[in-house]
Amino acid sequence: MALNDPSSTGLSRHREFYFPDGSVIIIIDATAFKVHQSVLSRHSDVFAGMWDVPQPKGISDIDGCPTVELQDHVSDFADTLKAIYDSFHFDNLPPNADLTTLLTFLSGILRITTKYNMQQLRNKCIALLCQKFPSTLSGCDAVIAQQYLYTPSPIVRLIPLARETNIPEVLPWAYYICTQMSIPDLLANPVLSWRDKALCLAGKERLWEARKTTTHPFLLDLSRSAQCSGGSCATGLRRPTANWRESEDQRSLAHPIEPYRDWTALGTCAWCTGVYQAQHRVGREKVWEQLPSFYELGSWDEIRKDQNC
């Protein structure tokens, strides 16, 4: 029996997505969406076959349309419909949007597109996140060059969202940024799980060791290159080495990916400086490749395989 008005069933029409010519009714948390099956089916093979599945007893046609009830959030589904029906929806996101704005804009779309296999929209969301959470060293250098300001509250929102929606590609850099939080702030954070806190603490130690031994060892190694042109190199290195040792107790420099730029302050000759620059470049590449493993995420290749499966 078809009902003429959703209100007769205790439902409320969604104020934006209840089209007179819609062909299906989707019910989420007592809110009815009247949309077009053909539009949803074009974006999702899950929706394409959804109306072939018998619905539970008590779910009848509403407003002359077949009905399906979903266990999602109304706001998430509405955000996704905006992206589906408005081809310019993503233009509403400012290019310089802060991370809080970005996550608020994308979170609901990511949850729905992941659950219902809307691959094109999902990939769009992932691409936007990867601009802030790179998976390549060149992308990381671009973010560093922009001096993008990360704040803790949205970072800790991203980590559970990335796990929920299977986007491990953004996790290494997200964890990396979290390791810059102080230990008391990290432990007191109410959003991160204790497992994530443990990964951040372990990562903090691994990053510290990587900075000392792989990306910035020239600040500890007083040896000269074979072509060293004078005796000033060892003397010049004593000052930064002393500073490094003073900071060891505080472990405040767990940022091995950061490019070292103050080469003239080393006081070394051109030959030695060239050796240290090459050492630093190769070290950064090595640490970037190892970064996922610092947080028990495997390798970059494994991450991409898991994300695309």
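Just so you know, the numbers here start at 1 and follow the chain as drawn.
In case you wondered, yes, glycine gets a Cβ from its N, Cα and C as well.
TrEMBL does not curate its annotations; it predicts them automatically.
Computed from a predicted structure; not experimentally measured.
Lifted from TrEMBL, the feature list:
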- 24-132: domain 'BTB' (DOMAIN)
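Looking only at the domain 'BTB' (24-132), the predicted model's pLDDT averages out at 92. Note on the domain 'BTB' (24-132): DSSP counts are 58 helix, 15 strand, 36 coil.
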